[in-house]
Amino acid sequence: MAKAVILVLDSFGIGSTPDAERFGDVGANTFGSIAREFVKQKGRQLVLPNLARLGLVKAATAAAGKAPAVADSAEPIGAYGYARELSSGKDTPSGHWEMAGVPVLFDWGYFEQKTDSFPAELITELCQRTGVPGILGNCHASGTDILVKLGDEHIKSGMPICYTSADSVFQVAAHEQHFGLEKLLSFCQVARELLDDYNIGRVIARPFQGDSPDNYARTGNRRDYSVLPPAPTVLDKLTAVGGKVISIGKIADIYAHQGITENIKATGLAALIDTTITQMATQPDRSLVFTNLVDFDQNYGHRRDVIGYGEALEYFDSRLPEIINACSSDTLLLLTADHGCDPTWPGTEHTREYIPVLAYQPGLASTDLGERMSFADIGQTLADYFKLDAMAHGESFITKLH
Ligand SMILES: O=P(O)(O)O[C@H]1O[C@H](CO)[C@@H](O)[C@H]1O
Ligand SMILES: [Mn+2]
Ligand SMILES: [Mn+2]
């Protein structure tokens, strides 16, 4: 019997990689910065005993060449390592596809101009095809700041708020009731079609609600429209032989619904963890429960909320024993991330960082997996574990585990 569970702590980097200079991210360290600021601002260390038992502190120390300000465990129970990214970008699809064995080796299209970011002909065609009177935004922005700035005008004018970032994204914020959720989703689908020509990785619908800039808030109805991964991922290979892939949260959207047999939505860290544990209880043989914990990135990393990020990590750590107890003797549990988003770094963008690779299975001896040269080592290990054909990228660490 072989079952696997992957939990992606979205944006939980553990130190900048050797190629971070290309991104202006030398010295970024999501985990290290949170740990340091926590001590400074709260007067105590982060409490993460269960993550430490899985080897997080050891992996983070090796990745950054410096220990984070968090107590380590004397008795690790997991295998721990840290991986660098082969993909050209530091975005969510690249990180997820690479961990499933398919790095993004081409360059995405980007809208690099900070204002007037989108080509006029794109916007003209988008408005013509969808019947909206025009767009607001047309700039780089933080998705919560732009609601404060343009939310009222959006409601008055009926124009959707379109914005981007350093990622290959076209994001659309619109009010769920005034503009309408269905109208927003169809607007995004047309945008998706037009943006294929621009090589843009994702169109993201960002519905929000509220009645004034003080209380405009994004809802759980976010939808991501991704291009297809450039090659079959380990998810495709597993489902092709009759295996199951159960997506929890935004995983299915990130893989453009390829290689997914069941798609379960949940909103918020607690609900995502609850759903994961519920699914683990009935997980069949040859299956993968795959969860993305987006709150770390969306609510804390991009928002530069360092204490919020730390508290969310402590909450996750407090739920970790339940997840570990839900592992049967044939469940391989993997904890990882898709990129960094150091909340103390200038700007509100992702940061190019090592990700943690923590593996646990009941009875497994604790092992140092060392530095992994690609996130694809996770996908290759899963291919090995499920006895699938090998992936084109990545080195399996299965023999170090079993
Ligand atoms: O500021 P918000 O809307 O959260 O945007 C963030 O979310 C996008 C997808 O992760 C990133 O490209 C980043 O810009
Ligand atoms: Mn991400
Ligand atoms: Mn992000």
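For all residues, glycine too, the Cβ spot is worked out from N, Cα and C.
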Can you find which of His350, His393 TrEMBL lists as binding Mn(2+) 2 at the same site as Asp297, His302?
His350
Around the Mn(2+) 2 site formed by Asp297, His302, His350, which additional residues qualify by having Cβ within 8 Å of the site's Cβ center?
Asp10, Ser11, Gln298, Gly301, His339, Cys341, Thr348, Glu349
Near-site residues: Mn(2+) 1, ref Asp10, Asp338, His339, CB cutoff 8 A to centroid:
Val8, Leu9, Ser11, Phe12, Gly13, Thr92, Gly95, His96, Asp297, Ala337, Gly340, Cys341, His350, Ile355
What whole-number Å value do you get for the CA-CA distance of Asp10 (Mn(2+) 1 binding site) and His350 (Mn(2+) 2 binding site)?
10
Count of other CB atoms lying within 10 Å of the CB belonging to Asp297 (Mn(2+) 2 binding site):
25
Going by a 10 angstroms cut-off between Cβ atoms, which of the binding-site residues His302, His339, His350 has the sparsest surroundings?
His302
Neighbour count first, Cβ atoms within 10 Å, every protein chain included; then name which of Asp10, Asp338 tops the list of binding-site residues.
Asp338
Using the alpha carbons only, what distance in Å do you get between His350 (Mn(2+) 2 binding site) and His339 (Mn(2+) 1 binding site) once rounded?
7
